[in-house]
Every structure is written in structure tokens, then in C-alpha cells.
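Enquirer: Quick one: structure below, then a few questions.
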Amino acid sequence: MSITPQEALQRTIEHREIFHDEMLHLMRLIMRGELSPVMAAAIITGLRVKKETIGEITAAATVMREFARHVEVQDNSNFVDIVGTGGDGSHTFNISTATMFVSAAAGAKVAKHGGRSVSSKSGSADVLEALGVNIDLQPEQVAASIAETGMGFMFAPNHHPAMKNIAPVRRELGVRTIFNILGPLTNPAGAPNQLMGVFHADLVGIQVRVMQRLGAKHVLVVYGMDGMDEVSLGAATQVGELRDGQIHEYEIHPEDFGMQMVSNRTLKVADANESKAMLLEALDNKPGVAREIVTLNAGTALYSANVASSIADGIQLAREAIASGKARAKVDELARFTQQFKQ
């Protein structure tokens with residue numbers, strides 16, 4: 001079913017849904033650069049004001065996946081993506097990147113999909129470069145990295161070239177749009193399991209249902225109720241879990257896992273170098289909030305990857321991976337492996 005851009009805009013003004021096939025058509029126009037910047041800006045702003053529906057987000061994610069440069073991974077077992085929407089304004093060190101190293105050391109395969117800074121002063125790409133990792137890899141090189149090291153980083157601009165058509169519009173608008181929530185839904189390696197942090201409580205139920213429609217296996221969508229797009233130590237965390245096609249929504253607390261509730265204020269950083277220093281402190285097993293929050297998030301990721309049978313079991317595996325030095329060794333392993341592809 002086709003819809004004109006003008007009809008779509010009128011729908012958003014009237015707070016009416018754009019149906020699945022119509023949204024597929026619209027998104028393809030956007031990704032091919034066939035909508036004028038004015039019309040593209042009007043539609044994505046209209047969707048934001050109306051509030052995007054699960055159906056609209058699912059259709060948009062389907063099209064972004066169509067246009068992506070895919071990473072072919074042979075073995076999907078224990079394969080997980082660890083990602084946040086960003087935009088939570090917390091300015092913390094890069095917790096999800098530290099979580100990747102711990103999870104890989106404990107037996108998961110991690111396909112991390114990310115870019116430069118959104119909410120932190122240092123995005124996953126920024127801190128990985130500071131750690132000596134070459135992020136500018138071709139899809140087949142990322143696949144080799146996952147096979148060899150258990151980790152692969154997919155720098156979003158390399159895998160979503162069609163996004164260049166909407167990037168100037170997004171930059172000029174300067175407000176959140178549907179594209180802020182599409183990134184975590186469009187992992188180019190198609191990881192069936194995911195730990196996804198979101199920037200608003202309302203997104204927990206929405207994103208987990210979108211992942212259900214997209215055919216994901218085991219997903220935990222999390223929102224720290226102190227505002228973090230991570231599992232938080234400073235408050236309860238709202239969780240939407242998809243497993244075996246079923247969705248369960250619940251809350252978890254640090255105390256559930258024998259951890260103390262502490263403020264996340266000490267996790268704030270000013271730039272990629274500070275983020276790197278705090279990440280390495282955590283992986284070097286230095287006692288403190290950084291190590292604890294990485295352990296908590298890695299435990300959750302290991303549960304999502306089906307390496308662990310529960311979050312508590314995952315936390316135990318994460319502690320062992322850090323204490324043994326295996327997690328810290330993963331940093332150097334990824335840096336060494338990716339540098340061979342440097343142009």
C-alpha cells in the first residue's frame with residue numbers, strides 16, 4: 001500500500017497511525033534520498049510529536065535492516081548485542097563497551113553496534129579508538145573479529161550508508177526522532193540476543209515488543225530509574241524481557257544481587273580518555289562503583305546471551321572474568337586483531 005508524503009504528514013498532524021506497508025514505503029523513500037529535506041524533517045518531527053507506534057518503529061527498523069551492510073556470522077549461539085540508545089544525558093564512562101569485554105571473556109560472542117558520542121562525553125567508537133582498536137572495518141573483517149576474538153565492533157556509519165541521506169536533516173533539527181531509537185534495533189550482524197538500554201521508561205515496553213515482532217530470541221530492554229540507559233546501581237531498573245516469544249516486565253534492584261545501591265555520580269567523565277581510564281580501572285578489578293556497574297551489566301548481558309541461566313549466575317561469571325584478568329586481556333586482543341586491517 002502506497003502513501004504520499006503529504007498524506008503521511010497529515011496523518012501525523014491528526015495523531016493517526018501510519019500503517020506497516022505505508023511506513024515501509026516512506027522509509028524506503030527516506031533511505032534512498034527521494035524525499036526533500038523539508039518533507040523528511042516534517043514527517044519525522046510529526047511522528048515524534050504524535051509518538052511513534054510499535055508498528056511504525058517495526059516497519060522503519062525493517063527497512064533500515066534492508067539497507068544495511070550486513071555482517072555474516074556463522075555461529076549464532078551465545079551471540080549478543082550490547083547497546084544503548086544514548087540520549088540519557090548521564091555523561092558516564094562507556095559502560096556498555098566495558099560490558100562487551102567482560103561478556104566476551106566469560107564466553108559470549110558480542111557484536112557491538114555503535115557510533116560516536118550521543119549522551120556521554122565519549123561514545124563506544126570514541127573510547128575504543130582511545131584503547132587502540134581500529135573501528136574502521138569492512139563487514140567481512142568484523143565477522144573475522146567475532147570469530148577470532150569473540151567480539152566485533154560495527155561502526156554505524158560504515159554499516160548504514162543510506163543514513164547519509166537523512167543525517168543533515170537530523171543534525172539541523174537537533175531533537176530526538178525515530179532514528180534515535182532505530183539504531184539499537186538494526187544490528188548489522190543480526191544478533192538474536194540483546195541487552196538494550198533505553199533513555200525513557202516508556203521505551204522499555206515499546207522496544208521489547210518491536211524486537212518480538214522482528215523475531216529476536218532473548219532480549220532484555222532496560223531503563224535505570226535514575227535516568228540511565230543501563231542497568232543501574234543508583235536506582236531500580238525497569239526490565240522488559242523477551243524470551244521464547246513471551247514478554248515479561250519487571251524491576252530489578254542492586255540489592256537483589258548482593259550489591260549496594262550507590263549513586264552513579266562518580267561515573268561521570270569529561271572525554272574519551274577519562275572514559276578509557278575508568279573502563280580500565282573496572283577491568284583491572286579495582287574495587288569501586290565502576291567495577292560493580294560493569295559486573296552488573298555484564299551479568300545481565302551473559303543472561304541475555306544464554307551463557308548464564310540467570311542474571312545472578314551471570315554476575316558470578318562476570319566477577320570471575322574480571323578477577324582472572326581475562327576481561328582486561330580482551331582489550332589488547334581486540335586492539336591487536338583489528339590493527340592488522342589498518343589502511
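The backbone N, Cα and C atoms fix where each Cβ goes, glycine too.
Quick caveat, the model's predicted, so the values are computed rather than measured.
Quick paste of what Swiss-Prot says about this protein:
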BINDING   Gly84, 87-88, Thr92, 94-97, 112-120, Ser124  5-phospho-alpha-D-ribose 1-diphosphate binding site
BINDING   Gly84  anthranilate 1 binding site
BINDING   Ser96, Glu230  Mg(2+) 1 binding site
BINDING   Arg170  anthranilate 2 binding site
BINDING   Asp229, Glu230  Mg(2+) 2 binding site
Enquirer: Taking each of the binding-site residues Asp229, Glu230 in turn and counting other Cβ atoms within 10 Å of its Cβ, which one has the fewest?
Expert: Glu230
Enquirer: Could you give the Cα-Cα distance between Asp229 (Mg(2+) 2 binding site) and Thr92 (5-phospho-alpha-D-ribose 1-diphosphate binding site), in whole Å?
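Expert: Asp229 (Mg(2+) 2 binding site) and Thr92 (5-phospho-alpha-D-ribose 1-diphosphate binding site) have their Cα atoms 10 Å apart.
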Enquirer: State the three-class DSSP label for Gly84 (5-phospho-alpha-D-ribose 1-diphosphate binding site), counting H, G and I as helix, E and B as strand, and everything else as coil.
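Expert: Once the DSSP labels are grouped into three classes, Gly84 (5-phospho-alpha-D-ribose 1-diphosphate binding site) ends up as strand.
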Enquirer: Can you check what DSSP calls Glu230 (Mg(2+) 1 binding site), collapsed to helix, strand or coil?
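Expert: For Glu230 (Mg(2+) 1 binding site) - judged by DSSP and reduced to three states - the answer is coil.
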Enquirer: Which of the listed binding-site residues (Thr92, Ser96) has the least company, meaning the fewest other Cβ atoms within 10 Å of its Cβ?
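Expert: Looking at the binding-site residues Thr92, Ser96, the Cβ with the fewest others within 10 Å is that of Thr92.
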Enquirer: Looking only at C-alpha atoms, tell me how far Arg170 (anthranilate 2 binding site) is from Gly84 (5-phospho-alpha-D-ribose 1-diphosphate binding site), rounded to the nearest Å.
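Expert: The Cα atom of Arg170 (anthranilate 2 binding site) is 19 Å away from the Cα atom of Gly84 (5-phospho-alpha-D-ribose 1-diphosphate binding site).
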Enquirer: Please report the DSSP secondary structure of His113 (5-phospho-alpha-D-ribose 1-diphosphate binding site), reduced to three states.
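Expert: Assignment for His113 (5-phospho-alpha-D-ribose 1-diphosphate binding site) reads strand.
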Enquirer: Please report the Cα separation of His113 (5-phospho-alpha-D-ribose 1-diphosphate binding site) and Glu230 (Mg(2+) 1 binding site) in Å, rounded to an integer.
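Expert: Between the Cα atoms of His113 (5-phospho-alpha-D-ribose 1-diphosphate binding site) and Glu230 (Mg(2+) 1 binding site), the distance comes to 15 Å.
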Enquirer: Within 10 Å of the Cβ of Arg170 (anthranilate 2 binding site), how many other Cβ atoms can be counted across all chains shown?
Expert: 17
Enquirer: Going by DSSP, is Ser96 (5-phospho-alpha-D-ribose 1-diphosphate binding site) sitting in a helix, a strand, or coil?
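Expert: DSSP assigns Ser96 (5-phospho-alpha-D-ribose 1-diphosphate binding site) to helix.
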